[in-house]
């Protein structure tokens with residue numbers, strides 16, 4: 001950390017460190033156990049979401065607009081988890097807390113790209129539920145496989161461009177004083193705040209990204225469900241209302257699991273002066289836990305996937321029983 005002069009590569013007036021030092025948890029005994037806990041979350045996340053991806057890919061009955069969205073969310077969950085946790089394990093369990101400048105930017109790009117995809121996918125799934133309940137007669141005209149593929153292609157391209165712009169603006173900053181990142185990965189805010197030249201553009205883009213992928217999705221989802229609840233009121237029977245509302249339960253769980261931890265972390269950081277260790281623990285859990293819980297919700301709260309898994313288990317158990325009774 002102290003030998004920055006030896007590790008700086010200079011381009012005119014812009015100074016980039018050859019390496020950044022990621023602090024992570026500091027001064028906490030047995031912190032390695034927390035990283036092992038995160039690795040267990042990583043293992044469950046990858047296995048669970050891979051199962052969901054395979055089921056949707058190979059089960060033709062799930063080749064529908066809703067499950068194109070679920071497939072996209074599972075893909076984003078795996079991407080974000082792989083961008084975040086293995087790098088943390090390498091940094092903190094194996095005492096390799098230095099990361100090169102370019103690797104840091106790559107890490108930042110992929111974490112924010114997949115995280116932004118999670119957020120926008122939940123918005124698209126809210127739109128799917130809104131059309132299904134509020135405009136059921138026009139659902140197949142407005143929401144079909146082709147339109148969903150086009151929507152997600154556009155979303156991937158848009159998010160790629162926004163995150164690439166955010167990360168590329170880091171290269172215009174000069175890091176001439178410190179290379180110590182007070183976070184557990186190459187987080188955008190802790191990195192651009194290290195700059196010793198003007199970082200006002202980076203502050204603006206950080207605000208816009210937060211508004212675009214946190215505030216705007218919450219507002220759109222809230223308005224979608226306001227419309228859904230108004231449509232439910234018009235249904236005359238409680239049985240009809242409950243049947244329609246049941247189709248939204250899994251999505252509401254996903255929204256709560258994704259947005260609540262992140263919002264609580266932001267609110268806590270504003271209202272309370274969080275220590276660096278508290279910030280690392282709260283934000284790392286907010287990023288790591290939702291992708292682990294999402295596939296569990298698909299299985300427990302989605303009748304179609306639950307039925308398919310039950311059929312698969314029955315088909316596998318049938319030959320075993322036949323062999324036993326032969």
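One-based numbering along the chain as shown.
Glycine too: its Cβ is placed from the backbone N, Cα and C atoms.
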Of the residue ranges 175-195, 280-300, the one that TrEMBL records as transmembrane segment: 280-300
Stretch of maximal Cβ-Cβ contact with the transmembrane segment (280-300) [cut-off: under 8 Å; candidates 33-55, 67-85, 105-127, 148-170, 204-232]: 33-55
